[in-house]
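Enquirer: Annotated active site, tele-hemiaminal-histidine intermediate per Swiss-Prot: HIS221, in sequence order. Taken from Swiss-Prot, the feature dihydroxyacetone binding site covers GLY56, SER57, GLY58, HIS59, LYS109, ASP114. Annotated ATP binding site per Swiss-Prot: ASP401, GLY402, ASP403, CYS404, SER446, SER447, GLY486, THR494, MET495, ASP557, PRO558, GLY559, in sequence order. According to Swiss-Prot, the feature domain 'DhaK' maps to 9-336, an assignment based on sequence analysis. Taken from Swiss-Prot, the feature domain 'DhaL' applies to 372-572, supported by sequence analysis. Feature annotation from Swiss-Prot assigns phosphoserine to SER350, SER511, SER546; the stated evidence is similarity to another entry. According to Swiss-Prot, the feature region 'Disordered' maps to 346-368.
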Amino acid sequence: MTSKKLVNSVAGCADDALAGLVACNPSLQLLQGHRVALRSDLDSLKGRVALLSGGGSGHEPAHAGFIGKGMLTGVIAGAVFTSPAVGSILAAIRAVAQAGTVGTLLIVKNYTGDRLNFGLAREQARAEGIPVEMVVVGDDSAFTVLKKAGRRGLCGTVLIHKVAGALAEAGVGLEEITNRVSVVAKAMGTLGVSLSSCSVPGSRPTFELSADEVELGLGIHGEAGVLRIKMATADEIVAHMLNHMTDSSNVSHVPVQSGSSVVLMVNNLGGLSYLELGIIADAAVRFLEGRGVKIARALVGTFMSALEMPGVSLTLLLVDEPLLKLIDAETTAAAWPNVAKVSVTGRKRSRAAPAEPPEAPDATAAGGATSKQMVRVLERVCTTLLGLEDQLNALDRAAGDGDCGTTHSRAARAIQGWLKESPPPASPAQLLSKLSLLLLEKMGGSSGALYGLFLTAAAQPLKAKTDLAAWSAAMDAGLEAMQKYGKAAPGDRTMLDSLWAAGQELQAWKSPGANLLPVLTKALLENAEAAAEATKNMEAGAGRASYISSARLDQPDPGAVAAAAILRAILEVLQSQGA
């Protein structure tokens, strides 16, 4: 079965992609009759060296994303994973020569088709009297023994674009640029890993992987790698990659050792999430610095992809200060990252958080008995939420993410850990404030924010008094804050529905009289739980569920169910203690 792609046609997808890039970038223009993109200011290059690169499409943003001042002059693109036509390469060489450039350097990845086609175009151009040189980049560190075809050209090619571009912008001649980038190309290596393959438009995936396998040392055309290893943590996979790349017994290794200075590239092969990319980058930095390697610059993003392949490649380039200045040189290329020109290693990566303000004395602080009662209440709430994790997750799946139970369990475990560390504050106001901060930090998601808002606001009326009227006012304040910032109202199918129903029952506490808790408990719980159950017949008016068709929402809202369960746990403990 072929994979789905958002294209107009399989045959025209490479042309359409290049046209889209040029349409949105005024600094680029197409060469009529060819799949070639050039700088739109070619006339400004008179007397300088032109830089041309390219290859098959499907590696975006490479290579056309790196056209610009300080990088490439132009790019010749082939069909997906197919070398560009000789005629188009020659047309690009002629175009930059006619603009008054003093020579052209072809930067070519080491693949047979690219070498042949760029090489043939070079020979034809030279026969016409155009000075043209060619550098073939092979930075693949996958193979431990030398292959006749040499090392494949991978993401390190982009660094060659950058170095050559900086030299050309500085007015360096063709021969010197060729010699210098040839040296640089030998001082780097790249290794890729992927969780699965990719698929050319109109075709099936290029290879199959088991659910517990990853492919190591693969190229950028969907071809299989050199080794399949078992799925592991990001740290373990990164360690495997970097150990392989720097192993001196590997003929294609990068000779990195303690004290070396490197540029690190963490390259998304197309389908990896940026969350995963950040985790990989962190693992790579920690691994290298743990070996005493200085990371002069770290470039993280998508530089050379393989369509939608969910994988990553790591590139290491050994650098000194002169080379680093070329990496840092200004460029207008759209796909080059605008990173700070400072070393990654040795930089302070965190700063102390502001100190919490001292707590004001609380006149409502109660005795030890009340504190123990609060512990029992919180313990029951935690046990209740942990027991509901699977049920709440199941209810939440209708809204898309299915993590309501997990979120509430995370809150419960955070509270349990907090209770083990120290007894809770005796003051109700301070207790609610502390719980608010804890949930905001540990619970996460909109639920954590809403509970945090509720508890922060509810704490305010309890600073002066803790009688029944104050607790009713606290409930009102919490509900008001949730409505103000959460933009929810009763009837919107949220946790507010359960809490609102309970709040209406608590209005009776504002009237003078005896302890009404035993009388209220049954009615309060019945109303709160009925309100939670009623949410299954409501159309969501707030929260993530509001974006889901009401036809799919035929179960109670998980937040409302959780809130009702919390109320039951609280009131049952208080009633059992005779509060």
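Glycine residues also receive a Cβ, built from the backbone N, Cα and C atoms like all the rest.
Quick caveat, the model's predicted, so the values are computed rather than measured.
Let's see these features in context: how buried, what's close, how far.
Expert: Counting only same-chain residues at least 6 apart in sequence, those with a Cβ under 8 Å from the Cβ of HIS221 (active site, tele-hemiaminal-histidine intermediate) are GLY56, GLY58, PHE81, TYR111, THR206, ALA306.
In three-state terms derived from DSSP, GLY58 (dihydroxyacetone binding site) belongs to neither a helical nor a strand segment and is classed as coil. Counting every protein chain shown, the number of other Cβ atoms lying within 10 Å of the Cβ of GLY58 (dihydroxyacetone binding site) is 27.
Under the three-state DSSP scheme, MET495 (ATP binding site) falls in the helix class. There are 28 other CB atoms within 10 A of the CB of MET495 (ATP binding site), with all protein chains counted.
Across the domain 'DhaK' (9-336), the prediction's mean pLDDT works out to 96.
The Cβ of SER350 (phosphoserine) lies under 8 Å from the Cβ of no residue that sits 6+ residues away along the same chain.
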Enquirer: Where does LYS109 (dihydroxyacetone binding site) sit in DSSP terms: helix, strand, or coil?
Expert: strand
Enquirer: Among the binding-site residues listed here (ASP114, ASP401, ASP403), identify the one with the smallest other-Cβ count within 10 Å.
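Expert: Comparing Cβ neighbours within 10 Å for the binding-site residues ASP114, ASP401, ASP403, ASP401 has the fewest.
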Enquirer: Neighbourhood of the dihydroxyacetone site (GLY56, SER57, GLY58, HIS59, LYS109, ASP114): other residues with Cβ within 8 Å of the Cβ centroid, in order?
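Expert: Leaving out the recorded residues gives GLY54, GLY55, ALA62, HIS63, ALA77, GLY78, VAL80, PHE81, THR82, SER83, ILE220, HIS221.
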Enquirer: Just name the winner among GLY56, GLY486, PRO558 (the binding-site residues) by count of other CB atoms within 10 A of its CB.
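Expert: Output for this query is PRO558.
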Enquirer: Since the record lists HIS59, LYS109 as binding-site residues, which of them has the fewest other Cβ atoms within 10 Å of its Cβ?
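Expert: If we count Cβ atoms within 10 Å for the binding-site residues HIS59, LYS109, the smallest count is at HIS59.
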Enquirer: Please report the Cα separation of SER57 (dihydroxyacetone binding site) and GLY486 (ATP binding site) in Å, rounded to an integer.
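Expert: That separation, Cα to Cα, works out to 46 Å.
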Enquirer: Go through SER57, SER446, our binding-site residues, and report the one whose Cβ sees the most other Cβ atoms within 10 Å.
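Expert: In terms of Cβ crowding, the pick is SER57.
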